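First comes the structure, then the notes that go with it.
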Amino acid sequence: MESYLPEGFGDVKPKNSSEEALQRWRSLCWLVKNPRRRFRFTANLPKRSEAEAIRRTFKANFRVAVIVSQAALQFIQGLIDYKVPEEVKAAGFQIGADELGSIVERHDVKKLRGHGGVEAIADKLSTSITGGISTSEDSLKRRKEIFGVNKFTESPPKGFWFFVYEALQDMTLMILAACALVSLIVGIVMEGWPKGAHDGLGIVASILLVVFVTASSDYKQSLQFKDLDAEKKKISVQVSRNGLRQKISIYDLLPGDIVHLNIGDQVPADGLFISGFSVLINESSLTGESEPVHVSATNPFLLSGTKVQDGSFKMLVTTVGMRTQWGKLMATLSEGGDDETPLQVKLNGVATIIGKIGLFFAVVTFAVLVQGLFTKKLQDGSHWSWSGDEAMEILEFFAVAVTIVVVAVPEGLPLAVTLSLAFAMKKMMNEKALVRHLAACETMGSATTICSDKTGTLTTNHMTVVKACISEKVMVVGESDFNKIPDSTMKILLQSIFNNTGGEVVNNEGNSSKPEILGTPTETAILEFGLKLGGHFQVERQKSTIVKVEPFNSLKKRMGVVLELHDGSYQAHSKGASEIILGNCDKFVNSEGKVVPLDESSISNLNGIIEKFANEALRTLCLAYKDIGSEFSPESPIPTEGYTCIGIVGIKDPVRPGVKESVAICRSAGIVVRMVTGDNINTAKAIARECGILTDDGIAIEGPEFREKTDEELLELIPKIQVMARSSPLDKHKLVKHLKTTFQDVVAVTGDGTNDAPALHEADIGLAMGIAGTEVAKESADVIILDDNFSTIATVAKWGRSVYINIQKFVQFQLTVNVVALIVNFSSACLTGDAPLTAVQLLWVNMIMDTLGALALATEPPTDDLMERSPVGRKGNFISNVMWRNILGQSLYQFVIIWYLQTKGKSAFRLDGPDSDLILNTIIFNTFVFCQVFNEVSSREMEKINVFKGILKNYVFVAVLLCTVLFQIIIIEFLGTFANTYPLGLNQWFISVLLGFLGMPVAAALKMIPVGSV
């Protein structure tokens, strides 16, 4: 069927689809019963255009403001004329929110200087640039009242009655409601109350039942998405308050807060730069400008929503929430919604095709039924006189035709995708995986390759220094005596550890308690090592002044600082990947603490130690320094050669429990796991072997070697690569691109750093680390792994497959009901002039196959068997040959049974008398419903014969089946007047249920017929 879809339905990609593609498929869906419901979980394109217009306007205004501000610099003279509002003054502040907003948003240097600079602004905000704001309840309350909170306006949550109203917007239900009204009026006029109202009330009751069940399902989905949205927005930042460093939610930030930001963080509010090093800010999310902006004391303006591309710094928060441009933009963007998934779009296409077929059948059925009545009247010669009963009969024909459209247009198909995805996303949240984009759930089920980081994903990320080579001696932490290290060596080692770091040692509760180490796991391990050596962080920091910092990034694989010593001279320190730093050294500190040249034998010895540490699965880092004299400008780059090697440390990062088993599960599922890491190749190989990633027929390669290969060489090499060490983000991006384009793999990639963003964006599924990941990485990702654990990635793959297969099960079930309901009513109308299934009955069938069917089949939990199948990959057809076999076989069985009952039912059940037609139609209806009930059970497995495995664990499925059977009994036995049914005897019930049940052995027999898997 997918091959018959119009071209527009195949243009939507799992991510980064163009707006034209999203618009194109919408225009092709011409037969939609309820657009509000059908398109609820799709992107709101007008809102996105509105957000883009806001961004363009801000960009234009921003450029003008900067030009005006620069022109005004030359005219600055003394203080500006600013009057503090009385309410601001009464609250204890000397500057208002509007004034602060205009300074930062317009980059108004004149106003900033007029107020006395950043420190004066901090004083006017009653804060300290070192200690931050007071956290007394009264102080925080006053700040919130004057300056507002850091939240943007969101649309209010939709209540249950909103979804009832939305379900009532269904065009076919409206037409049926009109039919019911006419039926009520005509019936009451002709037959009086209550007898004449039965048919109309039956349709009304059915419509209300459909509406309330649909609304309940939709409301539950909306609550699930609301919970997930709340989880997505959980972002924390480091602030100083009351003189103490602490983590708080960005939504708790207030003007006056002092925020500490590093590379990869998102600027959480508008503010002013206080101090920092090498700060580059990417403002593209706000202004559209891709060129990063250098922020410093001369250009101190920071805008909310922008990203820290490089550097680390402290900022003073000045404006929050809806007073910022980012707040206004996010308020609009939040209504833009998620992009629809390819499967949603495909199923919309399928629904459109079936809808066209259904509309054709409905029109023909109505025409045949009316023609039959007209022919009968011609024969009787009464074609010029029409009674009320005959008018009611035509109205019933019309209602049946409309109900055929209700059943034929499978509105539930695309919505089942959303239901299944919402269910999976909620469950995955409990499994420590936060899905940011709906399509990721779906795509992960087709993944054929996972490119995983090592540190923190395959390993625990709880790092400790266990070995070190200092002064030519290899020492074991906790066993060796570090007091034997010469004093001069110890002095320079501690200076390097405590100054050349992105971490910090703080004591939040006074000097008596154990100090807290802040920073990445690697920085924490080295700082902890420094403390064990007897060093003191603050003491070492006071011995010198840091004048320049180049933070660590995965491209350079090193970090560096320049210190100004007390004697006025400068000293550079470098730390990073052992081979790279050692390659920058021409001297080292020997066993006597003297600096001596590095000769070949010393280099060979140190490289041997690096290799030995790496083979023990230790991460190795080299520490080095260089005296650079008394002349150094902060604008100059930090030297990259001529260093003196201080020592090498070996950091233990154990493999996570369960990773080896998860890798084995992925391998058995046909998913290739590759390790892509920045670590030493020997460390990477040792860990990869321990995890089961590196096998005898696989190869390990280093990034520099990989990037030198030609496309022809890569064609042969990439399928064998299992480990890539010393890789840069560009190497990862190149590998992902080749796997996607050349090998047609569906690629999942993990990443945590800012530089991983391109690879996460390029991959089919970007997986960011929730603990170690930067905000930039998380924003580029589709799924956030909250516990940074590879086992969670394997769980995501399992849930992805579950979503895909659950939707296939539901589609198979719904298409079977579609085919049978259409053919039965159409063929019956053509051949007998009567439709066995009435409007009320068809509405009930529609609810069984649509809302209830989706609830039952689209929410099946995953089984371990899913990870024993081969992945679908990029080119697999969604409606497979297996599904067509089951649909056509089951449809044929059901049609034969229904047709036999229509033609031979009276004699088989020995029916005669005035109610024989009504009883037979009731038996047909009952048999048809039980065929669907048992077909629903058979649909739990599309290929396996045992469909009962795990059925009792799925409470939703069991509840839906029981409710369906219970309500069917009520309809037949007690609601006959409204539903056009007649109470059945025990033997009639038994045969109806038996004929439905026989569909299960038929389904089992069908599964033995071999068909291709495509």
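Glycine too: its Cβ is placed from the backbone N, Cα and C atoms.
Worth saying up front: this structure is predicted, and the values here are computed from it rather than measured.
Feature annotation (TrEMBL): of 663-682, 843-862, 883-902, the stretch labelled transmembrane segment is 883-902. In the predicted model, the domain 'Cation-transporting P-type ATPase N-terminal' (112-188) shows an average pLDDT of 84. If you look at the transmembrane segment (918-935), the same-chain residues 6 or more away from its ends with a CB under 8 A from one of its CBs are 813, 816-817, 820-821, 824, 836-838, 841, 844-845, 848-849, 890, 894, 897-898, 901-902, 905-906, 909, 911, 961, 964-965, 968, 972, 976, 980-982, 984, 988-989, 991-993, 995-997, 999-1000, 1003. Contact count against the transmembrane segment (955-977) (Cβ pairs under 8 Å) is highest for 196-216, out of 196-216, 394-424, 883-902, 989-1009. Ranked by the number of CB pairs under 8 Å to the transmembrane segment (394-424), the listed stretches 196-216, 353-374, 883-902, 989-1009 are led by 353-374. Spatially, the transmembrane segment (883-902) is adjacent to the transmembrane segment (989-1009); three or more Cβ-Cβ distances between them are under 8 Å for residues at least 6 apart in sequence.
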